[in-house]
Amino acid sequence: MRLRTTGSGAVALALACSLAACGSGDAPSGGGGSAAGGATAGGGKIAVDLPRADSDFWNSYAKYVPKQAKELGADLMPPTNSQNDVAKLVANVQALVSQGAKAVVMAPQDTGAVANTLRQLADRKIPVVTVDTRPDKGDTFMVVRTDNRLYGSEACKFLGEKLGGKGKVIEFQGSLSSVNGRDRSEAFAECMKTDYPGITVFEEPTEWEGPKAAAALQTRLTQHPDIKGIYMQAGGVFLAPTLQVLKTKGLLAGPDDPEHIFIVSNDGIPQELKAIRDGHIDATLSQPADLYAKYGVYYAKAAIDGKTFAPGPTDHDSTIVDVGGGRLEDQLKAPLVTKDNVDDPGLWGNQVGK
Amino acid sequence: MTTSTGAVTPAPTVRPARLRDLALLPAIALLVLVGALIDPAFLSRDNIVNVLQQQTELSLLVLAEAIILIAGRFDLSLESTVGLAPALAVGLVIPATADGLGAELPVWTAIPLCLLTGGLIGAFNGMLIVRFRLSAFIVTLGMLIVLRGLQVGLTGGQNLFELPESFLYLGNARWLGLPASIWICGVLFAAGIAVLGYFRHGRSIYAIGGNADAARAAGVRTDRVLWTVFVIGGLLAALAGLLMTGRLGSVAADQGNGMIFTVFAAAVIGGVSMDGGKGTLFGGLCGVLVLGLINNILTLAGVSAQWIQAIYGAIILLALVMARLTSGKAQD
């Protein structure tokens with residue numbers, strides 16, 4: 001709410017949209033009800049496909065979607081779930097379109113295989129907003145994503161500084177067949193190579209699977225007992241196994257202990273925030289589940305309302321960039337959470353279950 | 001059809017199986033040699049213990065699957081039991097604020113509930129397959145999906161983090177200097193090998209897998225034995241889930257997901273026939289060891305992420321070929 005009202009001027013300046021359209025879409029507090037009424041009357045049904053039901057992050061995203069849609073006055077169809085399977089995603093989208101969807105919000109985890117679906121949707125003039133991932137090919141109205149390269153480089157900087165530029169670090173890589181795993185891994189490796197050449201990095205492929213990370217950590221700690229830093233690319237899957245391995249090995253020392261192993265995570269799930277409070281891990285980059293839901297629906301609605309966007313800074317502290325071929329991507333910021341700001345109520349992990 | 005005699009006179013059928021057993025030992029020796037050359041840390045006691053501990057859950061599933069395969073049936077749903085049994089048991093114990101189901105049963109019931117769930121799943125599989133004569137492959141494929149869905153449904157897709165200490169104990173504890181899970185697996189495998197090798201009920205499993213009609217004619221109560229085999233399979237899978245939960249400190253929503261492929265790989269490398277009636281539990285255990293050693297060596301060698309799957313698969317194929325050459329027996 002707050003973001004939109006304060007920043008509507010910036011939107012009008014930065015984005016080449018008609019003032020009238022902006023006004024109707026951006027009148028949240030006063031005319032929210034009527035704007036919503038107008039949108040519904042125009043038949044602007046928004047379809048949302050959720051990527052999976054078995055991760056904490058996507059479950060909170062699923063909870064935020066209807067809430068944010070209501071606040072934005074969008075006409076949301078009941079969300080479908082594609083269970084991490086691109087074939088299901090395709091079937092869901094077809095069903096949603098035949099039910100009258102005018103815009104689709106999806107989060108394709110397989111970024112290559114959705115190209116055909118995107119083309120079909122483009123043929124039918126149905127705008128698509130993708131959340132979290134950028135399809136390798138195909139038309140999208142907007143990609144709402146965090147800058148995943150920033151995840152890798154922020155984690156690298158944090159560990160590099162804490163270790164004083166030397167020592168050994170282990171990295172649990174996500175699947176390299178996903179754009180997020182690739183971006184995080186590449187950025188982390190680049191930053192380590194250029195800024196902290198004194199640090200040895202052990203890259204462990206895990207396919208986003210906790211047991212693989214635990215096995216790799218156990219093995220590596222036996223081989224190199226002097227490992228002092230851990231970067232896990234997804235707290236949701238790696239946190240508990242990592243802490244359990246360290247606990248069994250008696251290496252779970254507090255942040256002031258010289259034996260302490262510095263741990264940086266990605267995601268920002270509630271358990272990570274708790275681990276930061278307990279001093280078990282040191283930092284995480286909080287992936288904004290709430291903003292994903294909000295701007296996924298926001299751009300879908302904007303597309304139906306006929307607005308267009310252009311590269312440049314947005315009203316919500318992020319930047320729209322042209323990632324090639326006129327495809328736009330709104331790169332949201334992922335805040336670095338340490339014990340100094342872990343209790344910030346603005347973090348999605350602090351809102352779960354409230 | 002020759003195996004039908006196995007029920008009456010077990011001794012002759014044991015011999016070729018013995019050879020298949022030892023077929024993997026050269027592969028294991030080679031892997032140990034390669035590992036030692038790649039990194040001296042490989043042979044350290046800690047590392048060996050790590051490899052063994054990491055494979056305990058898989059080995060229990062292979063134990064279960066090998067018995068079921070020998071009996072000539074299939075169970076794909078084991079991997080989902082690994083997730084559902086501990087998730088349900090923990091869910092019934094922890095409070096709703098920690099994503100529990102709100103029942104808040106006493107903490108000590110968690111482990112019995114976990115095993116009970118596994119046993120009941122096995123009994124249900126057995127009912128559909130043995131009593132209603134449905135195809136084991138399709139039934140357990142359906143169960144794999146249903147059980148995974150139940151877990152996601154019951155937990156709301158959440159990972160369960162706040163587990164009772166007693167539930168974590170078995171996957172964590174050390175007895176006489178070794179992780180408890182290694183002892184448990186060792187004892188269960190020894191018991192399994194003894195029963196399948198030397199006891200009447202165990203031998204009857206081979207007979208059923210070789211030729212169920214002949215076994216029945218020879219006086220084996222095939223239905224009852226098969227049913228028992230499925231219940232044991234469910235129990236072992238639940239125990240594997242319990243150990244994995246303890247080792248990893250949480251019940252992940254996708255715990256066990258995809259494990260069944262590795263289970264079959266280990267069993268088949270170890271010489272357990274997919275057609276039933278052939279193979280031994282010792283062979284299955286060797287298969288598990290081979291996979292565990294390969295994983296460990298690939299990690300120690302720091303193989304790049306882009307290539308690790310290709311190399312892993314290639315080594316498995318190589319192990320199969322070596323087993324074929326050393327045993328001189330056709331695989332099936």
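Cβ from N, Cα, C; glycine included.
A TrEMBL annotation is a machine prediction, not a hand-curated record.
What TrEMBL says about this one:
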type	residues	note
TRANSMEM	B:22-38	transmembrane segment
TRANSMEM	B:81-98	transmembrane segment
TRANSMEM	B:110-130	transmembrane segment
TRANSMEM	B:137-156	transmembrane segment
TRANSMEM	B:176-199	transmembrane segment
TRANSMEM	B:225-244	transmembrane segment
TRANSMEM	B:256-274	transmembrane segment
TRANSMEM	B:281-301	transmembrane segment
TRANSMEM	B:307-326	transmembrane segment
Under 8 Å between C-beta atoms and at least six residues away from its ends: which parts of the chain pack against the transmembrane segment (B:307-326)? 20, 22-24, 26-27, 30, 265, 268-269, 271, 290-291, 294-295, 298
Name the range, of those listed as B:22-38, B:81-98, B:176-199, B:225-244, B:281-301, that has the largest tally of Cβ pairs under 8 Å with the transmembrane segment (B:256-274). B:281-301
Looking at the transmembrane segment (B:81-98) and the transmembrane segment (B:281-301), are there 3+ C-beta pairs under 8 A, with each pair at least 6 apart in sequence? no
Against which stretches of its own chain does the transmembrane segment (B:22-38) lie, if we need a Cβ under 8 Å and a gap of at least six residues from its ends? 269-271, 283, 286-287, 289-290, 293-294, 296-297, 300-301, 318-319, 322-324, 326-327, 329
Would you mind listing the long-range same-chain contacts of the transmembrane segment (B:176-199), meaning Cβ under 8 Å and 6+ residues beyond its ends? 14, 49, 52-53, 56-57, 59-60, 63, 67, 70, 169-170, 205-206, 236, 239, 243, 246-247, 280-282, 285
